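Please read the structure below before turning to the comments.
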Amino acid sequence: MELHRRHDWDLTPAEAVALQRRLAAEVVADRPLDLAGVRLVAGVDVSVKDGRSRAAVVVATFPDFRVVETVTAIRPTPFPYVPGLLSFREGPVLEEAFGRLAASPDVFLFDGMGTAHPRRIGIASHMGLWLERPTVGVGKTRLCGRHGPLPEEKGAHVPLVDRGETIGAVVRTRTGKNPLFISPGHLADIPGAVALVLACAPKYRLPEPIRLAHKAAGDF
DNA sequence: GCGACAG
DNA sequence: ATCTTGTCGC
């Protein structure tokens, strides 16, 4: 039942889409994510420079964000950026980084979508299947879906809907600033993902773990 | 056919 | 994502 989980990353766009359609059926996006049980949170990010992708995974304590582990990996960037296929560009280098992780984070925060994706399998969901751990997608801009008016106040959030299905939420982490597009990756749910992100962003627009990973990955 | 389009 | 200095505002 998990035979095709460890798949090849070297696929054509058409093959990648076909694979996403198969894997999407295994994504669990309705499992309650209880913040009371969260002790360690990981932030994941990838930066691209001169044809090389650098991945960083930073594990921090929750809710005070003290760094307990940082792992990185560098590889040639294997795939062009294609909306909807980000996993195939950042997946390989992330797998390498995850393989070096010693800690066991209770949840991983990704720079990108979870189920808020055309086929409901953004990078947070895809890597979640590999990690077999709760994951949450944190997008800075919208990939798909629509939403109603969002209050300007920090903490405000409204449903993100696509083709009649609620796929995530648009969340304001900072009053007056652009919102974040939150969605469960795998083994999490929308309410839990929103609560976790808000708890991880007490001072800045982006969740603290993601900011830490940004730094470790080399982008400033 | 015409837009939209994570990082 | 990345290319890039100074600058407006709290």
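Note: Cβ is positioned from N, Cα and C throughout, glycine not excepted.
If you look up TrEMBL, you'll see A:Asp45, A:Asp111 marked as Mg(2+) binding site. Taking Cβ-Cβ distances under 8 Å and a sequence gap of 6 or more within the same chain, the neighbours of A:Asp111 (Mg(2+) binding site) are A:Val44, A:Asp45, A:Val46, A:Val138, A:Gly139, A:Lys140, A:Ile210, A:Ala213, A:His214.
DSSP gives A:Tyr81 (site 'Interaction with target DNA') a coil state; it is part of no helix or strand. Using a 10 Å Cβ-Cβ cutoff, A:Tyr81 (site 'Interaction with target DNA') registers 11 neighbours. Marked as site 'Interaction with target DNA' by TrEMBL: A:Tyr81.
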Counting every protein chain shown, other Cβ atoms within 10 Å of the Cβ of A:Asp45 (Mg(2+) binding site) number 29
